[in-house]
Amino acid sequence: MTIQQVLLLLLLWMWLPHPCPTEMLFRRTPDLRPKSFGGRSSGNDGKAIHRQKRGWMWNQFFLLEEYTGSDYQYVGKLHSDQDKGDGSLKYILSGDGAGTLFIIDEKTGDIHATRRIDREEKAFYTLRAQAINRRTLRPVEPESEFVIKIHDINDNEPTFPEEIYTASVPEMSVVGTSVVQVTATDADDPSYGNSARIIYSILQGQPYFSVEPETGIIRTALPNMNRENREHYQVVIQAKDMGGQMGGLSGTTTVNITLTDVNDNPPRFPQSTIHLRIPESSPVGTAIGSVKATDADTGKNAEVEYRIIDGDGTDMFDIVTQEDTQEGIITVRKPLDYETRRLYTLKVEAENTHVDPRFYYLGPFKDTTIVKISVEDVDEPPIFSRSSYLFEVHEDIELGTIIGTVMARDPDSASSPIRFSLDRHTDLDRIFNIHSGNGSIYTSKPLDREISQWHNLSVIAAEINNPKDTTRVPVYVRILDVNDNAPQFAVFYDTFVCENARAGQLIQTISAVDKDDPLGGQKFFFSLAAVNPNFTVQDNEDNTARILTRRNGFSRHEISTYLLPVVISDNDYPIQSSTGTLTIRVCACDSRGNMQSCSAEALLLPAGLSTGALVAILLCIIILLVIVVLFAALKRQRKKEPLILSKEDIRDNIVSYNDEGGGEEDTQAFDIGTLRNPAAMEDKKLRRDIIPETLFVPRRTPSAPDNTDVRDFINQRLKEHDTDPSAPPYDSLATYAYEGNDSIAESLSSLESGTTEGDQNYDYLREWGPRFNKLAEMYGGGESDKDTS
C-alpha cells in the first residue's frame with residue numbers, strides 16, 4: 001500500500017462518525033455509600049470494560065468538530081450504579097449548551113449534540129450532570145461537573161493579515177539579505193496534530209528572492225541586482241498547513257518589492273566638448289549657459305557638484321550648481337572685452353557629492369568636459385575715464401570759467417567720436433554747461449555757496465555715429481566758500497531800559513551770525529558806529545557783546561525810544577561788516593528791575609479803553625448798520641406794484657357760488673369753449689387733468705366760431721405787459737382768467753334781479769336737464785306764488 005493510499009484512508013476515517021472514548025477519573029464521594037458508574041470505552045479486544053468505584057465521576061468527553069451526519073452526534077453515556085434499569089432514575093444535564101446544543105436521554109443517560117460544532121468558535125463546554133429519583137425528585141448522586149472537549153480537524157486555511165505587502169531592499173545587496181517577514185495565522189488547534197503547522201513557500205519571484213519555510217522571512221537570492229535594470233518585483237508567498245504535506249490547506253499573499261537606489265553609477269557628460277556664446281556687453285553675473293552630467297542614480301545619489309578645474313578663463317567665469325535641475329550654470333565673473341580676447345576655454349568637472357565607500361571599486365565618481373566660450377562683438381557705449389568726478393570751485397569765479405573736464409572713449413575698434421551733454425534734470429537752473437566736443441564743464445550763472453553748497457550733475461556721453469548708445473557718469477561740484485557776507489544780529493532784540501537804571505547797568509546781550517563758513521571758524525567784533533552818551537558796547541570776545549548804560553536815570557516823558565547803531569565785523573579776508581540798530585525803549589520798572597509799562601500814553605489816559613474794546617464796539621456798530629439796510633430793502637420790495645394794474649382785472653370780480661357740480665357723474669374738465677358756446681360741448685371729451693386709461697385718437701369736432709372779444713382782451717393785456725417796465729422777466733407766465741361775454745346761459749346771479757324792469761321767465765331751466773331742476777323749482781315757484789297773490 002502506498003503512502004497516498006494510507007493518507008486517503010486516514011482522511012476517510014476522520015470524517016466517518018464513531019463513538020468518542022471517555023476518560024474516567026475516580027474520587028471518593030462522601031455521605032453516600034459506594035456506588036459504581038460505568039462508562040464505555042473500547043479496549044484492545046473490542047469488549048466493554050466495567051470498573052467498580054465508590055461513586056460516579058468523570059473528567060471529560062471528546063467530540064469531533066464539523067460533524068456532517070444526518071443524526072444527532074453521539075457524545076457519551078452517563079450511568080449510575082443506582083440505576084436498576086427500571087426507569088426510576090432521571091438524568092439531568094445543565095451548563096454550557098445544555099438543552100440546546102447538548103441533550104441527554106433522561107432514562108438512559110445518553111448525551112447527543114444537536115448540531116455541528118465548530119472548535120474555532122468554542123473549544124470546550126463545561127456541563128454538570130446529576131441523577132435524581134424520578135418519583136421523589138431527590139438526588140441519588142451528588143452533582144458532578146465534566147467537560148466536553150471539541151477535537152480539531154483541519155478545516156481552516158492559513159490567512160495573512162494583509163493581502164498585499166510592500167517592501168524594499170537596496171540594490172546590489174548580497175545574497176541572503178533580509179527583505180521582509182510575512183506571517184500567516186491558522187484558526188485550527190496548534191496543540192492537536194499538524195492542522196495549524198504552517199510552512200511557507202514562494203510561488204512567484206524566483207530566482208530573485210527566496211523565503212524561509214518556517215519563519216516566512218523573504219531574502220534576496222541573486223547577487224548584484226541592479227535597480228537601473230529592474231526596479232520593481234512581485235513575489236507571491238504561499239502558507240500551507242499540515243506541515244506543507246499533501247492535503248493541507250493553503251493561503252497566499254503578494255509582496256511588492258522595490259529595489260532602492262545606491263550610488264553605484266558615476267556622473268557622465270553626454271558631450272566631451274560644449275560650445276557657448278556671449279556678447280561682450282553682458283554684465284557681471286550674466287548666465288552664459290548650462291552644462292549637465294547625467295547620473296543613472298536617483299535622489300541624493302545623483303546629486304552632482306560642478307567646478308572649473310582648468311582653462312584660460314578660470315578668473316573670468318564662475319560655475320554654480322543648480323540643485324533643482326542638477327545643472328551647472330556658467331556665469332560672467334569679470335567684464336568681457338571682444339577687442340581684448342575673443343575665445344575662452346574651460347575644463348569643467350562634475351562629481352557626486354555622496355559617494356558610497358562600498359562601491360569605490362566602480363569609480364571614480366566624476367567626469368570632465370571642455371567648455372569653449374566665444375565672445376561676440378557689440379557696439380559698446382563710451383567709457384569714461386573715471387566712475388565719478390569731483391570738482392571744487394570758489395563761489396566768486398567769473399562766468400564761463402571751466403571748473404573741470406570729463407573724458408570718455410569708444411571702446412570699439414572703430415573708435416567713434418564722442419559727444420558730451422548735461423542731463424538738465426540734474427541742473428534745472430542751468431548753472432553749468434558743457435562743451436560737447438571736449439567735455440569741459442563751465443559756469444553759465446553766478447555761484448553762491450550760501451544757496452547751494454553741492455551740485456550733483458550727470459554727464460551723458462554718446463557716440464556721434466550711434467546717439468542712442470549712451471553712458472552716464474556722476475559729476476559732483478563742491479562750491480568753496482568766499483567771505484562775501486557780513487555778519488548780522490542773530491535774532492531781533494526787544495530791548496528796554498528802566499527809568500531808574502544806573503550807569504554801567506546791563507540791559508542786553510547780543511550775538512551775531514554769518515552765512516559764510518571760514519576754515520578757522522567764526523570770529524565777530526562789536527563796536528558803536530559813533531560815541532553815544534547814553535549807552536556803550538562791551539565785546540565779550542566770544543562772539544557776543546553786552547549793551548551797558550552810561551548814565552543814571554531815563555525819562556520816557558522826554559525820550560521814550562533810543563536808536564543805538566552797532567557795528568559787527570568778522571576777521572576773514574576780505575573783512576565784511578554791517579551795522580545793526582538796536583531799538584531801546586524806556587520803561588517804568590519796579591524795584592527789582594521788572595518792566596511794568598513802556599507807553600507814554602498810558603500816563604495820560606489811565607482810564608481809557610483798550611484797543612480790543614474799541615474794535616469790538618466798532619464791529620457792533622457795523623453789524624447794526626447792515627441789519628438796518630437789509631430791513632429797508634425788504635420793506636421796499638414788498639411795496640412794489642402788482643403785475644396787473646387795470647381796474648378791469650377779472651380776479652377782483654370773481655364770485656364763488658360753492659357749487660359742487662354733478663358729483664361722480666361730472667367727468668368733464670372745465671373748458672372755456674363751453675362759456676363761448678355751450679352747444680359746442682362734446683359728449684365724450686378726454687379730461688385734460690388726468691392721464692387717459694386707453695390710448696386712442698379722439699374724434700375731432702368742428703371748433704366753435706372765433707370769439708373776437710377774448711382775442712382783443714388777450715392782445716390788450718399782452719401789450720400792457722410788454723410796455724410795463726416793472727413787469728417780471730419775459731420767461732414768466734401771465735394768466736388772464738377771462739370768461740368772455742354774450743353767453744347763451746346769461747348770468748345766473750340774483751344780484752341784478754332788483755334792477756330788472758320786468759319779471760323774468762325761468763322755465764327754460766327745466767329744459768337744461770336734471771342738473772338744473774333745483775334752480776327751476778326755486779325761481780319758477782316764486783313766479784307762480786306771485787301770480788296767485
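From the backbone N, Cα and C atoms, a Cβ is placed for every residue, glycine too.
Record features (TrEMBL):
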DOMAIN    80-160  domain 'Cadherin'
DOMAIN    161-269  domain 'Cadherin'
DOMAIN    270-384  domain 'Cadherin'
DOMAIN    385-489  domain 'Cadherin'
DOMAIN    489-603  domain 'Cadherin'
SIGNAL    1-22  signal peptide
TRANSMEM  603-634  transmembrane segment
Mean of the pLDDT scores, which run from 0 to 100, over the domain 'Cadherin' (385-489): 92
The domain 'Cadherin' (385-489) - residue tally per DSSP class, helix then strand then coil: 3 helix, 47 strand, 55 coil
Residues of the domain 'Cadherin' (270-384) by DSSP state, where helix covers H, G and I: 10 helix, 56 strand, 49 coil
Tally of DSSP helical, extended and coil residues in the domain 'Cadherin' (80-160): 0 helix, 35 strand, 46 coil
